[in-house]
2 protein chains.
Amino acid sequence: MKVAKFGGSSVANAEQLQKVANIIQDDKERKVIVVSAPGKRFSDDIKVTDLLIELGEAYFNKQDYQGKLQIVLDRFHEITKELNITDKIIQEIKDGVEGILASDDSDALKMDALKATGEDSLAKVLSAYLQSLGLKATYLNPGEAGILVSDNPGSAQILNESYDQLYKLRERDEIVVIPGFFGYTKDGKLITFSRGGSDITGSIVAAGVKADLYENFTDVDSVYCVNPTIVENPKEITSLTYKEMRELSYAGFSVFHDEALIPAFKADIPVCIKNTNNPQGMGTIIVSKKEPQPNPVVGIASDTGFISIYVSKYLMNRELGFGRKLLTILEDEDISFEHTPSGIDDLSVIIRESSLTKEKEERVIARIKDELDPDTVSVDRDLALIMVVGEGMDSTVGLADKATHAFTKANVNIEMMNQGSSEVSMMFGIKADKVNESVKALYNTFFE
Amino acid sequence: MKVAKFGGSSVANAEQLQKVANIIQDDKERKVIVVSAPGKRFSDDIKVTDLLIELGEAYFNKQDYQGKLQIVLDRFHEITKELNITDKIIQEIKDGVEGILASDDSDALKMDALKATGEDSLAKVLSAYLQSLGLKATYLNPGEAGILVSDNPGSAQILNESYDQLYKLRERDEIVVIPGFFGYTKDGKLITFSRGGSDITGSIVAAGVKADLYENFTDVDSVYCVNPTIVENPKEITSLTYKEMRELSYAGFSVFHDEALIPAFKADIPVCIKNTNNPQGMGTIIVSKKEPQPNPVVGIASDTGFISIYVSKYLMNRELGFGRKLLTILEDEDISFEHTPSGIDDLSVIIRESSLTKEKEERVIARIKDELDPDTVSVDRDLALIMVVGEGMDSTVGLADKATHAFTKANVNIEMMNQGSSEVSMMFGIKADKVNESVKALYNTFFE
């Protein structure tokens, strides 16, 4: 049994939905379908979810929202017309939206219900379309499916009892179409996951039904081993592990909402990323474990916007608790640290620039000076991190050598290196303006 | 004005003391002399301080201690006889030891007073010898000199008011010979520094008198850039910074008791390590800052006996406080960490094997599992750390490349890399049984 999730661009219009129907028909194992709301049909298009958010904001600001609603209705009308199915969804959306706005719910709950309308309506449309093709298919509301969530509007967390309920979907002998992005609290409130939450629904459902495979259909053929805006036509990754995916997505790979993978990861369900526009393509499969590869490096990721706080103190190394105190100061300001490379008497903490406002920086530096009495403290900006990622790296002599040599060839100074004892990745810190030449040089070293 | 400290092998017998006298006479700036107790004259010899400790232990265990005392007396007798000076020190030591043992002091204070007898007596002997050569010289008790310390027998800490007092030594127009290793509390108790404490006295006195140079005379020509038991006849280091010295001494370089350097470091006094047996040699000078060198690497140090605690958890990176909590668990067990290399979802903590007893390990692992709920925890033993050290490393492209290539040539897998943003050092973690070939390869790369 497979769970297939189709993203916004895969359900953006009738033509895309026809491809989706073909994909579903192609494989009888595709029994549970999770869908996003219609996304962009062309680059300047507006996603239905964004239209619904704008609609809500207009309503809350006591502005006219009918124009936004009409655009949403028009999009669905175009779809039903081209698919040659009933257009009763138009009235349902209209009544639904008016009902939400007129309800006694809080603004946060109203917004979540509005946002969910895109997924919910599209699931109904797809189900009707599949039926019109003679398939046994049904729309299933997430509440009926058993997706119970916490009461955090806009960032629902799945409740564990959902999984047992979802497992019962295996008993159905029909194709079930579930809207992504939302669930219900125990007392029946509709709550959405964080943005991109249809991936989360797909992953939860795949874990719940103990799927053999969770297929995530998007608009790229596969995950590339390097950012294609830096290297032209890079190699595709056919298979990677959850850990590798995490390390890559951390530093700039945005194919997958990595939090979305947790349910699938915990239930050990393989995840396949495929292209709705090229379903015969291999795609990229994400698994727990894989066979050792001749080239252990699977990808090179990079991201900018990091800064380093550097602290040095003679004999720091003998001072029990120094590092812990430094991390406590950051934690008190709600700052996550990324890495902590260290010498004997110095310690750097790498953090995301976005997590350090000017005021936080002043407080942090003042506290470090006051509480840790260091010899020097300094902040280094405009850093980029490059991750060379691969699960087999821990048993291959010479990888660090090859990687560092690539930096030398690109004439880039390595500001920082950090490699965990797991060796799933090597991290290099460089000046942000040297990212492109560094990534190119690493790509040439490991993939050409 | 220079402060010269002579170590145990430099004052082991009359012949060595003649060299010391020549060295003092050679440079009129050498006005303050700090001495150790007589050390070994040959490899199986026993240091006077060890004899005094054995004497004390025999006394405390109600065994005969006269034999040990006699060996000490014989050593001093041999020295005074060969130097052709008065032997009244023999009676002074005898009376002194009997007086200490008969006193009402605690055993800890008695032991400290006994241990200090070697330095104290040797300072008197050297002063008498210098006088016999026609020099204006005087023995100066640390109490009179102004060395005030905390009341921690065996591990005295200097009190800050000492420095103003010591500065007055500048007014003296004679050579002052001060015994190393001990000071006095404000209420007059004799307390010793930790073992090797004559280096501490020298550093304190040099800081106090604001010396132009603190000369530390020992029995090696200089600091070598690599452990001479691994590489034959390695290059000598002519100049290194405090930071470099610290990084090197951390990982196996034992020329200098690094805590001893703190007073000199804080007062910014250059320190010169010289050989009593070859005083014309360049020696090695330790300074705060130095000019950039063509080869920024000054030395390669290595040490074994490290272990790594590896913790992985999916999405660890998003968990605010994870690293801090891990360090808190270690701190609760009084365990200092050395480095914390990390990936996105994994974190290793490198610690000294000696700091983790079996019981501590069990408690630490249990708490990590219990409090951090990780996916995996494991302990990796028999690690060695290799430090490639050099102050100019932060502005040289290609150093990491050269270093990692050396490991490849030696066919050694790099288990860990960690480089601070300061780039005073690069750390490599490897299996302990690969240390020698790795260090040799690095030496060939950077120094041949």
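Using the three backbone atoms N, Cα and C, a Cβ is placed for every residue, glycine included.
No curator has checked TrEMBL annotations; they are predicted automatically.
As annotated by TrEMBL, ATP binding site applies to A:Lys5, A:Phe6, A:Gly7, A:Gly8, A:Thr218, A:Asp219, A:Tyr224. In the three-state DSSP scheme, A:Tyr224 (ATP binding site) falls into the strand class.
Other Cβ atoms within 10 Å of the Cβ of A:Glu119 (substrate binding site), summed over all protein chains shown, number 28. Annotation comment: TrEMBL describes A:Thr49, A:Glu119 as substrate binding site.
The domain 'ACT' annotation in TrEMBL covers A:388-448.
When the binding-site residues A:Thr49, A:Thr218 are compared by the number of other C-beta atoms lying within 10 angstroms of their own C-beta, A:Thr218 comes out lowest.
Per DSSP, the secondary structure of the domain 'ACT' (A:388-448) breaks down as 32 helix, 13 strand, 16 coil. Ranked by Cβ neighbours within 10 A across all protein chains shown, the binding-site residues A:Phe6, A:Asp219 are led by A:Phe6.
When the Cα atoms are compared, A:Thr49 (substrate binding site) and A:Gly8 (ATP binding site) turn out to be 9 Å apart. A straight line from the CA of A:Asp219 (ATP binding site) to the CA of A:Glu119 (substrate binding site) spans 18 Å. In the three-state DSSP classification, A:Gly8 (ATP binding site) falls within a helix. For A:Phe6 (ATP binding site) paired with A:Glu119 (substrate binding site), the C-alpha to C-alpha distance reads 11 Å. Across the structure, A:Glu119 (substrate binding site) and A:Lys5 (ATP binding site) place their CA atoms 12 angstrom apart.
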